[in-house]
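Student: If you scroll down you'll find the structure; I have some questions about it.
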Amino acid sequence: MKIANNTVVTEFILLGLTQSQDIQLLVFVLILIFYLIILPGNFLIIFTIRSDPGLTAPLYLFLGNLAFLDASYSFIVAPRMLVDFLSEKKVISYRGCITQLFFLHFLGGGEGLLLVVMAFDRYIAICRPLHCSTVMNPRACYAMMLALWLGGFVHSIIQVVLILRLPFCGPNQLDNFFCDVRQVIKLACTDMFVVELLMVFNSGLMTLLCFLGLLASYAVILCHVRRAASEGKNKAMSTCTTRVIIILLMFGPAIFIYICPFRALPADKMVSLFHTVIFPLMNPMIYTLRNQEVKTSMKRLLSRHVVCQVDFIIRN
């Protein structure tokens with residue numbers, strides 16, 4: 001344990017996902033393959049939406065931002081986790097821990113708010129189609145984007161300020177593979193009851209409200225679609241049902257992690273792995289690859305790239 005002369009902890013030791021070498025190797029290989037396949041897919045989504053002038057509807061602005069948020073989010077935990085699998089001593093500095101914690105909550109909070117905005121966009125498009133062009137105009141869309149980024153920033157700053165005010169005088173072992181509020185506050189050498197209540201209010205309540213708001217929005221949309229007699233009824237119901245499943249998969253672990261910070265549970269690490277590494281990589285792919293316009297544009301983009309490569313090879 002490394003502690004400075006003033007008894008302030010300057011680094012944390014990450015105990016990792018598991019102590020079993022065989023399981024570590026298996027998880028390392030799976031996450032590396034998963035990361036190398038799906039992460040480029042997120043950047044392809046961003047590039048496709050940015051390069052196609054036909055994808056200008058608010059939905060595509062939100063899908064592009066979702067891919068950017070999740071690609072950025074995956075950079076916070078996964079690369080370091082992969083490096084730590086190969087290291088005997090898994091150490092992160094105090095400043096590095098605070099930085100990781102800040103970006104986790106900045107991007108995670110922003111993404112939760114973005115999903116709420118996307119649900120509102122679908123509600124307007126399906127239930128109030130005549131008002132879509134006036135309500136979801138470019139100015140309103142960019143204002144919503146600014147608001148969700150600011151919301152994520154404020155949420156994260158509150159978390160960081162609460163952590164920075166805590167004294168850490170040892171021990172310095174975090175029973176996880178990354179730095180997060182739930183594990184860090186357990187190491188503070190002071191009474192944590194009030195701080196944990198504030199954490200529940202900031203993270204847990206925000207997560208729960210986003211979750212309930214999303215479920216309510218899609219419940220209203222599904223009820224409206226069921227009563228409608230349009231050609232796209234089945235497609236709209238399928239899309240909404242898929243998004244509800246995604247919301248359950250995303251917010252279930254988040255609620256599990258942040259609504260009950262007072263006790264450690266056996267499933268904590270696996271839930272954290274799913275929440276911080278696996279789902280952020282899958283999320284934009286699931287949302288976007290159900291959109292026919294994006295898939296068509298992506299195929300055209302890849303076809304042009306292949307043609308250019310073949311032409312370059314022939315000329316040289």
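Yeah, the Cβs are placed from backbone N, Cα and C, and that goes for glycine too.
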Student: Which of these links to C97 by a disulfide bond in Swiss-Prot: C141, C169, C179?
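Tutor: Recorded disulfide partner of C97 in Swiss-Prot: C179.
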Student: Tell me if the membrane topology in Swiss-Prot places M237 and T10 on the same side.
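Tutor: M237 and T10, as annotated in Swiss-Prot, occupy opposite sides of the membrane (different topological domains).
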Student: Taking 100-120, 184-204 as the choices, which stretch does Swiss-Prot tie to transmembrane segment?
Tutor: 100-120
Student: Test the contact criterion for the transmembrane segment (100-120) and the transmembrane segment (27-47): 3 or more CB pairs under 8 Å, pairs 6 or more apart in sequence, then answer yes or no.
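Tutor: No, since the transmembrane segment (100-120) and the transmembrane segment (27-47) share fewer than 3 Cβ pairs closer than 8 Å, they do not count as touching.
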Student: When you check the transmembrane segment (269-289) against the transmembrane segment (144-164), do you get at least 3 Cβ pairs under 8 Å, counting only pairs 6 or more apart in sequence?
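Tutor: Since fewer than 3 Cβ pairs under 8 Å link them, the transmembrane segment (269-289) and the transmembrane segment (144-164) do not come into contact.
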Student: What is the pLDDT of the topological domain 'Extracellular' (48-56) when averaged and given as a whole number?
Tutor: 85
Student: When DSSP is mapped onto helix/strand/coil, what comes out for C179 (disulfide bond)?
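Tutor: Once the DSSP labels are grouped into three classes, C179 (disulfide bond) ends up as coil.
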Student: Near C97 (disulfide bond), how many other Cβ atoms are within 10 Å of its Cβ?
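Tutor: Looking across every protein chain shown, the total is 23.
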Student: Write out how many residues of the topological domain 'Extracellular' (121-143) are helix, how many strand and how many coil, based on DSSP.
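Tutor: Summed over the topological domain 'Extracellular' (121-143), the classes give 20 helix, 0 strand, 3 coil.
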Student: Output, ordered by sequence, the same-chain residues six or more apart from C179 (disulfide bond) with a CB under 8 Å from its CB, or 'none'.
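Tutor: Result: F12, L14, I92, G96, C97, I98, Q100, L101, L104.
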